[in-house]
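Student: Below you'll find the structure I mean.
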Amino acid sequence: MAPWSHPSAQLQPVGGDAVSPALMVLLCLGLSLGPRTHVQAGNLSKATLWAEPGSVISRGNSVTIRCQGTLEAQEYRLVKEGSPEPWDTQNPLEPKNKARFSIPSMTEHHAGRYRCYYYSPAGWSEPSDPLELVVTGFYNKPTLSALPSPVVTSGENVTLQCGSRLRFDRFILTEEGDHKLSWTLDSQLTPSGQFQALFPVGPVTPSHRWMLRCYGSRRHILQVWSEPSDLLEIPVSGAADNLSPSQNKSDSGTASHLQDYAVENLIRMGMAGLILVVLGILIFQDWHSQRSPQAAAGR
């Protein structure tokens, strides 16, 4: 077997002349940079990152962080913002397009912003979108109330006041249920010495069930929240008043018509019963009148 030699050593121009030094340098640079450029141009899709059962976790509860890449992934890394080293490294789970990172007991040290990467033969992927992992239960709960009234008419707006005597830098309003929406506002100091935020919500409708809580947090660790406020449910009144006059007139007319129809049926049934009674009496009298002569003849 012939000994291996660099491909550039076998390149000779037509005519047998030696390759110029400048051309040799360019060829060597092209050969050395070629594979590297191919890897960089691979454009690996970025990883996908999420948390189960969710990204807002009560203090002491467990959470699982999942990172998804491609089937060619050989390694997954979880990186926490502000940390110089990877938070954790995991081998992929079958079928190799996912990895699992577990936190058995959530603390303030786990709260923060995370991203993940995966490694494949083509190189490292792009980072995932950030995941905000929040821990709750580190401060006393704020209060949540509706202004100007806890009962809201359908179609109106309502202002939700989240407040506390504690010096929170911001308040977070969250919606319970399937929607799980959230809003964040900086806190304001009131003349009474309370910190609060006013959240405008609406217009509200009876078709949407409004159940909300709020939290407080401080600026140095924004992902560490207080205990949740008591649940606030907003009753929406005036649903029947939203009917148009034509609808109300139509409904009342229909009800009146049904009532008249029922009375007519009762009268007809009464008349039919009376006729049956009269017929019964007439038949009995006829039968009795025919029997009397027969009885007299028998004597």
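Glycine residues also receive a Cβ, built from the backbone N, Cα and C atoms like all the rest.
Straight out of Swiss-Prot:
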SIGNAL    1-41  signal peptide
TOPO_DOM  42-268  topological domain 'Extracellular'
CARBOHYD  N43  N-linked glycosylation site
DOMAIN    142-230  domain 'Ig-like C2-type 2'
CARBOHYD  N157  N-linked glycosylation site
CARBOHYD  N248  N-linked glycosylation site
TRANSMEM  269-289  transmembrane segment
TOPO_DOM  290-299  topological domain 'Cytoplasmic'
Student: Under 8 Å Cβ to Cβ from N157 (N-linked glycosylation site), same chain, six or more residues apart: give me those in sequence order, or none if nothing qualifies.
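Tutor: Expected: P200, V201, G202, P203, V204.
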Student: Can you give me the average pLDDT across the topological domain 'Extracellular' (42-268), rounded to a whole number?
Tutor: 87
Student: How would DSSP class N157 (N-linked glycosylation site) in three states?
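Tutor: Going by the DSSP assignment, N157 (N-linked glycosylation site) belongs to neither helix nor strand, so it counts as coil.
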Student: What are the DSSP helix, strand and coil residue counts for the domain 'Ig-like C2-type 2' (142-230)?
Tutor: 0 helix, 48 strand, 41 coil
